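A.B. asks: OK, TrEMBL features for this one:
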TRANSMEM  12-35  transmembrane segment
TRANSMEM  47-70  transmembrane segment
TRANSMEM  77-97  transmembrane segment
TRANSMEM  174-193  transmembrane segment
DOMAIN    218-420  domain 'Major facilitator superfamily (MFS) profile'
TRANSMEM  223-244  transmembrane segment
TRANSMEM  264-283  transmembrane segment
TRANSMEM  290-308  transmembrane segment
TRANSMEM  314-339  transmembrane segment
TRANSMEM  351-373  transmembrane segment
TRANSMEM  379-400  transmembrane segment
Amino acid sequence: MKQPIPTNWRLNSYLFLLSQFVTGITSMIVQYGIIWYLTQQSGSATVLSLATLTAMLPMVLLSPFVGTFIDRWNKKALLIVPDMVAAAVAIVLSVVGTVDGDFPLWLVFDSLLVRSGAQAFQSPTVQSILPTMVPQGEITKINGTLGMVQSATMVISPALGALLYAFIPINLLILLDVLGAVLGLAVLMFVTIQSNQAAVSQRPHVVADAVFGFKRIGVVRGLWAIVIIGALFSLLFMPAASLYPLMTLQYFRGSITQAGIVEVVWSVGSLAGGAIIGVFGATRNRMVPTVAGMGLLGVAFVACAVLPRDLGGFVVFVALNAVAGLAASFPFTLTMVMIQESFPADELGRVFGVVMSLSNLAGPIGLLFAGPLGDAIGVQWVFALSGLGAVLCAVLMAAVPDCRDYDLRLQDKKAATQTM
């Protein structure tokens, strides 16, 4: 039985987004600190790619199976416990860095592994919570607002992270994760999150529920094609995304500050994209901006690869990243919204577990080749290949009728349901 939306749903949802912002921004500052530490210590595309790969593997392996727990367990606890685990890892890493004066690579990679395992529970949990917090007509807007919150996090954290990294030892900077977890969870205590009471008493069946998630996606016409093309998009997008610091530091011979500027500008573009989705997201056919975003992102990446290695080229690179950031927000956000609207709330955990697993699986496959390829031919040509691949994904999405018309069918189904 569907539970009613709380009368104070707007305040409730904003408090929820605030809690995600607080924990997210401190976590991202720490993440950037670790990335810049590895970049300065190694200067290797392979090391950066391996670090990104390590951070994604637990999400790949766990995502298909976490949905059964998300649909049955207390969702607030599934947000709290991973934050506590990440905070504990930050304390261990900080203590080792303080005592030894340095971080062994194996410990840095282990910390990324554990943080990713915690994230494997949090990301699909957040996606399954949002549709239950707001009225049906507000789902696209609340996802756009979530995109703005995440983009604001990405706007602030690189600049603040670069500033703090320059003045605070990395072993102390890492402790921001602990502060963020405490403050974010304090806000979360005031948030009402619905639970599926009928499923709480049911015993989880991990494998059976993972299979259920695959089957549910399979019975929705066109959704498998969208998910697979989306996974291919992730496979081709992640190599370039993981090498952004080296593009600035090596290709343009820039500084950590300039690398932070690039990250901020990307996120400003994403913030603008989230704002556009939040205001105008309830369009008749959301597949149009989804496909357009993929194509525009690809064109921007290709253009980045052919820029001159001077200050003028870097300025254009920064501008292109604003365009790419804006473009990326549409396929990532709108696809999630359409999936949310395609299934009942008590199935979303299992469905998103499968979707995120496939998406996250594609990323590491691309990263296996990104590092060695970047070291061999140059990071700029990795950008070119990623961009061409993104354009290909846009063409595929537009060429397959079941993908192209997916949202039109979804809107017609919703309209028919409302008139019954």
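The count begins at 1 with the first shown residue.
Note that Cβ sites are derived from N, Cα and C of the backbone, with glycine treated the same way.
Given the structure is predicted, the values throughout are model-derived calculations rather than measurements.
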A.B. asks: Are there 3 or more C-beta pairs under 8 Å linking the transmembrane segment (12-35) with the transmembrane segment (174-193), counting only pairs at least 6 apart in sequence?
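C.D. replies: Yes, since the transmembrane segment (174-193) and the transmembrane segment (12-35) share at least 3 Cβ pairs closer than 8 Å, they count as touching.
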A.B. asks: Out of 12-35, 223-244, 290-308, 379-400, which stretch has the largest tally of CB pairs under 8 angstroms to the transmembrane segment (77-97)?
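C.D. replies: Ranking 12-35, 223-244, 290-308, 379-400 by Cβ pairs under 8 Å to the transmembrane segment (77-97) puts 12-35 first.
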A.B. asks: Residues of the same chain, at least six outside the transmembrane segment (379-400), with any C-beta under 8 angstroms of its C-beta?
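C.D. replies: Answer is 45, 222, 225-226, 229-230, 232-233, 235-237, 239-241, 243, 246-247, 250-251, 287, 290-292, 294-295, 297-307, 370, 373.
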